[in-house]
């Protein structure tokens, strides 16, 4: 075999290896979708950030915003994120927006408090859960297929990166809090998702 043939064959082998590596990377990272960062939706700084003390967390808790209503574009969703942060941080006195992540109608995922940071979305579960909120009111309708697929991919990403336990339990907010969240129609759908758990741990609201 001549020198030129050896070089050509070597280049072919290298090309195949690179293509295989690229494919492997795509497959490995397929669930770690692009997330719209806090900077990209113009979040204000958090007043304080408390790390979750024990990882991976055993629970994923799903919410809906109810208000603001659904957002139909990237700009509308960014505005919804800013509105929620204002309500949570300035009106309720929380450190930051309450959720770890939010999902808009087009399937874009927005960083709230982010991975491994304690949220303010489910008392008694904030330090052992990832809170994902669907932007919109889902009492009588479902989130879009894009929203639900994005949330499932986000959960897979959390498992892959070690933030969410492989045997996590999926809950609707109403299972741990006296609330209609995440909406009747959406909650019924959630009960068909992988890892949904029928846990009921609602603490009665004290009578005044």
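Just so you know, glycine gets a Cβ as well, placed from its N, Cα and C.
Whatever TrEMBL says is automated annotation, not expert-curated.
As recorded in TrEMBL:
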SIGNAL    1-23  signal peptide
DISULFID  32-157  disulfide bond
DOMAIN    33-177  domain 'Peptidoglycan recognition protein family'
DOMAIN    47-183  domain 'N-acetylmuramoyl-L-alanine amidase'
DISULFID  71-77  disulfide bond
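Taking every protein chain shown into account, 77, 157 are the disulfide-bonded residues, and of these the Cβ with the most other Cβ atoms within 10 Å belongs to 77. Each residue of the domain 'N-acetylmuramoyl-L-alanine amidase' (47-183) gets a DSSP state, and the totals for helix, strand and coil are 40 helix, 31 strand, 66 coil.
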